[in-house]
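Among the features that TrEMBL reports, domain 'Phosphoribosyltransferase' is placed at 8-210. For Arg81, Arg106, Asp133, Pro134, Met135, Leu136, Ala137, Thr138, Ala139, Asn140, Thr141, Asp202, the entry in TrEMBL reads 5-phospho-alpha-D-ribose 1-diphosphate binding site. What TrEMBL lists as uracil binding site is Ile196, Gly201, Asp202, Ala203.
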Amino acid sequence: MSKSKVTVVDHPLVRHKLTVMRDVSTSTKTFRHLMREIGSLLCYEATRDLALEPVEIETPLTRMQGEKLAGKKLVFSPILRSGMGLLEGMLDLVPSARVAHIGLYRDPKTLVAVEYYFKAPEDIADRQVIVIDPMLATANTAVAAVERLKEAGVKDLRLVVLLAAPEGIAHFHDAHPDCPIWTAAIDERLNDHGYIVPGLGDAGDRLYGTR
Ligand code: URA
């Protein structure tokens with residue numbers, strides 16, 4: 001199967017906001033706000049090909065044929081906890097989306113993903129699902145999340161991340177060549193602790209002010 005496609009959303013607004021997020025002197029409040037805003041902008045691109053259906057409506061002047069989203073509502077699947085930061089902005093854009101929370105943490109020694117929570121809509125198998133994981137570093141958590149959703153029967157999957165490391169993209173490609181990725185940037189590399197360089201540090205800590 002061919003490699004999963006990667007789209008870098010390099011709009012000037014995204015690049016500007018991401019630079020402010022990377023800056024170590026940026027406050028928790030600003031970081032959180034920008035994560036939400038970039039969440040909307042990434043979501044806008046990741047949903048560009050959503051199916052539409054014709055609808056008859058009446059404007060103040062005349063009847064016309066408009067368009068509305070077709071099919072079942074989207075599911076956003078944030079990986080706890082940092083996925084929640086992008087989720088807010090994605091829900092700003094698609095407020096009727098359903099949410100499937102996935103609790104996964106990286107074992108600090110092995111960097112392997114361990115699941116501790118999974119709560120999804122019952123009919124998730126019939127829906128399009130966008131997994132949200134801000135930092136595609138080793139990609140262990142994103143790989144595990146997509147595996148978990150495939151186990152639940154989901155066939156139509158996408159991944160939205162804020163930053164990706166080339167190593168993370170390669171790992172994710174190998175595991176899930178059928179799941180396209182949207183990211184605001186692809187950084188240089190991973191360091192020995194599995195952090196993205198230059199990156200922005202620990203996304204969860206910066207989002208919630210826990211360090
Ligand atoms: N998770 C983070 O929050 N930051 C990284 O750089 C890598 C993983």
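Backbone N, Cα and C define each Cβ position, glycine as well.
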Inset, instruction - Specify all same-chain residues, apart from the site residues Ile196, Gly201, Asp202, Ala203, whose Cβ lies within 8 angstroms of the center of the Cβ atoms of the uracil site, ordered by sequence. - result: Pro134, Met135, Tyr195, Gly199, Leu200, Gly204, Asp205, Arg206
Legend entry - Euclidean distance between Cα atoms of Ala203 (uracil binding site) and Thr141 (5-phospho-alpha-D-ribose 1-diphosphate binding site), Å: 14
Legend entry - Among Arg81, Thr141, Ala203, the binding-site residues whose C-beta sits under 6 Å from ligand 1: Ala203
Inset, instruction - Would you measure the largest Cα separation among Arg81, Arg106, Asp133, Pro134, Met135, Leu136, Ala137, Thr138, Ala139, Asn140, Thr141, Asp202 for the 5-phospho-alpha-D-ribose 1-diphosphate site and round it to whole Å? - result: 17
Legend entry - Between Gly201 (uracil binding site) and Ala137 (5-phospho-alpha-D-ribose 1-diphosphate binding site), the C-alpha gap once rounded to whole angstrom: 11
Inset, instruction - Reduce the DSSP letter at Ala137 (5-phospho-alpha-D-ribose 1-diphosphate binding site) to three states and note it down. - result: coil
Inset, instruction - Sort the binding-site residues Ile196, Asp202, Ala203 by C-alpha distance from Arg81 (5-phospho-alpha-D-ribose 1-diphosphate binding site) and give me just the closest. - result: Ala203
Legend entry - Rounded inter-Cα distance in Å - Met135 (5-phospho-alpha-D-ribose 1-diphosphate binding site), Ile196 (uracil binding site): 8
Legend entry - Proximal but sequence-remote residues of the same chain as Ile196 (uracil binding site) (Cβ under 8 Å, at least 6 apart): Met135, Ala137, Leu163, Ala164, Ala165, Gly168, Asp187, Arg189, Leu190
